[in-house]
């Protein structure tokens, strides 16, 4: 009877028994904002970082990582690293892991403040209760400047396609699929952007959870198997239409804001009454934040509106609260990268399903 009861509970819960969840935490801090031309820059927007736990090695060594759909590599600090950023975070020690397999291939990612470098290693990785064997990842032996010094996470867990993986390393999600750890080649992300709540949301491997969204998904075919890239129909703010003939876009959980071509971003911010400051960000008087126009993005023939509650961010600088626009310039638009980067501002409003099996992405209203 107990066995039958368990089966019944799994069916009643629809997908609960096949979904593998990673609870996310959130904390304000600098966020990674990347160029797509090989050099990656950092900007401190004082917005939320969303990160969750994984373990590497046997016995398990625990790390916190950003689950980043805009990259495809897993890296964590190495015990061989003496950079200040490494010393402030948890580091991986291969000497104490019985499942460690040496690789030694050099590894490097360029950031605006320098090069994060190290070498590749292979070990067992556990995420959301799933045990990935033989996962190759990077041990960072040098972290640039203070780029990662005050970040609340140790490393980055890339969820992009293998085509953008440094050194052709097989990404973790590919190994989840090939090792038959997930019932479906799909993962989904729910971000909780409610101020004051410690719960940052969930990343779910193996499908989507209806308790986190309402209505149905709008699916859009990917334009390439690299980033989670697709074509955006167009957008509207007030009487202004932008991206009128369609434009390239990606969904990027590793970017805080919503970035677009400088001219379009300037138009949008002008329409909502935001002025650009010397640091490049746009701000509005906080007293006006509740009466701003809706900015609507059209994807797959469906309207996805963002209200001021979605795109205005309260930031604290020197004890003073400022209201910052979530629309920022993408300096590499038109230089081979996507025109628009739909970061956490958008993904927080719309539950997102990343379907690698069908090479498509789906959006539904989060709840």
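Note that the numbers count up from 1, one per residue, in the order the chain is shown.
Quick reminder: no glycine exception, Cβ is built from N, Cα and C everywhere.
Where the annotation comes from TrEMBL, it is an automatic prediction and has not been curated.
Pulled from TrEMBL:
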ACT_SITE  68  active site
ACT_SITE  252  active site
DISULFID  81-86  disulfide bond
DISULFID  243-247  disulfide bond
DISULFID  286-323  disulfide bond
DOMAIN    50-364  domain 'Peptidase A1'
SIGNAL    1-17  signal peptide
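For residue 286 (disulfide bond), other Cβ atoms within 10 Å of its Cβ number 13.
Residue 323 (disulfide bond) counts 19 other C-beta atoms within 10 Å of its own C-beta, drawing on all protein chains shown. Across the structure, residue 323 (disulfide bond) and residue 247 (disulfide bond) are spaced 29 Å apart at their Cα atoms. Closest in space to residue 68 (active site), of the recorded positions given as 86, 243, 247, 252, is 252, taking the CA atom of each residue. Between residue 286 (disulfide bond) and residue 81 (disulfide bond), the C-alpha separation comes to 43 Å. Under the DSSP three-state reduction, residue 286 (disulfide bond) is assigned to helix. The disulfide-bonded residues under consideration are 86, 247. Their Cβ neighbour counts within 10 Å are lowest for 247.
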